[in-house]
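Single-structure report; data block below.
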Amino acid sequence: MWKKLDRKTIIYYLIIGILVIITFYLFVITVPYYSGFFTFVGKLLIPFIIATLITYLLHPVIEKLHRLHIHRGISILLIYLIFFGGVGLSIYLGYPVIVQQITEISKNIPEFFSLYEQLILRVYEYTSFLPEGVHDRMDDMIASIESRIDQLLSNLVGGFDGLMDKIIIITVIPVLVFYFLKDFKQILSFLGKFIPSQYRDDAKRLLKELDKGLGGYIRGQLIVSLFVGIASFLLFLIMKIPYGLLLAIILAIVNIIPYFGPIIGAVPVITIAYTAGDSGKVLLVILALFILQIIESNLLSPYIMGKTIRIHPVAIIFALLFGSQLGGILGMILAVPILMIAKVIVQQFIEFRRT
């Protein structure tokens, strides 16, 4: 491919690349000046984005039911009721418990860190030969972590309290999903009119490849994370680990992150088990998480996910680290899907250039 590119073409692409980088840089440094506008637009678009994602996840199930000679309207109604009925029941039962557990953790932060400081004192005894400056830095690190966690938990509690103020937005999402599912083909046909006719076949092929890879990855990860959340909650319930529901939700969410997710999720679980004051329970929790991870990574994920990613692990790790720098945990969750989208677009662009 590159042999066909002359000097002018290479210079053209270099200029375009430099302009894109400069534009992105200017966009980032000027965000504070128009952040209010984007915040308003973001809040306005959030219901549509969430409804679009839910529609994207549910539509293949409806198509499968329709192929089984079940009327399309009945298929939509059935899946719609099952999905939102399950979500509504989960929120109704879990919301009060989660808020209570977050509030309790926020109140018990000083007690937790008192135990941590006792642990650090033991570390001091074994590291007394180190310079005093090292110990001072450890004290600063503990204080910094305590402040950040306390702020995070306070924000979480405030976020849950403010959820009721957004009840209108939450109510709009099911309505949007219903109409998106009902008029799915008409919406795609309408959006297709904005694509020039000579590029429509390429656009369809691109969307098909994106759905094949990205769609399978997202649906598979959600199923695996649901299993991890339910299984870990039952384990915590049996082992009587405090804040079991909240910890199970954390494990389910971070499990979406390849490689690093299980480690990130294990930290708060082991920490809570340690603060319970039972070293035997800590070992039991570590063993349970280890077995759960073996089942998930060696049995469940290969069966459900197959080889949907097809990206070298080094590239995935780089994307995860890059995403963590930009957006923390959320950045790591979005890193692999964005990488997959970029990969498919580049592959299709190369195919387009060859034809």
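Heads up, residue numbers simply count up from 1 along the chain you see.
Using N, Cα and C of the backbone, Cβ positions are placed for all residues, glycine too.
As annotated by TrEMBL, transmembrane segment applies to 12-34, 40-62, 74-95, 163-181, 222-239, 245-270, 282-304, 316-346.
Most Cβ pairs under 8 Å to the transmembrane segment (316-346), among the stretches 74-95, 245-270, 282-304, belong to 245-270.
Outside the transmembrane segment (74-95), and at least 6 residues removed from its termini, the chain residues within Cβ reach (under 8 Å) are 54, 58, 61-62, 65-66, 160, 163, 174, 177-178, 181-182, 245. Here the transmembrane segment (282-304) has long-range neighbours at 220, 223-224, 227-228, 231-232, 235, 239, 241, 255, 262, 266, 269-270, 273-274, meaning same-chain residues at least 6 beyond its ends whose C-beta is under 8 angstroms from one of its own.
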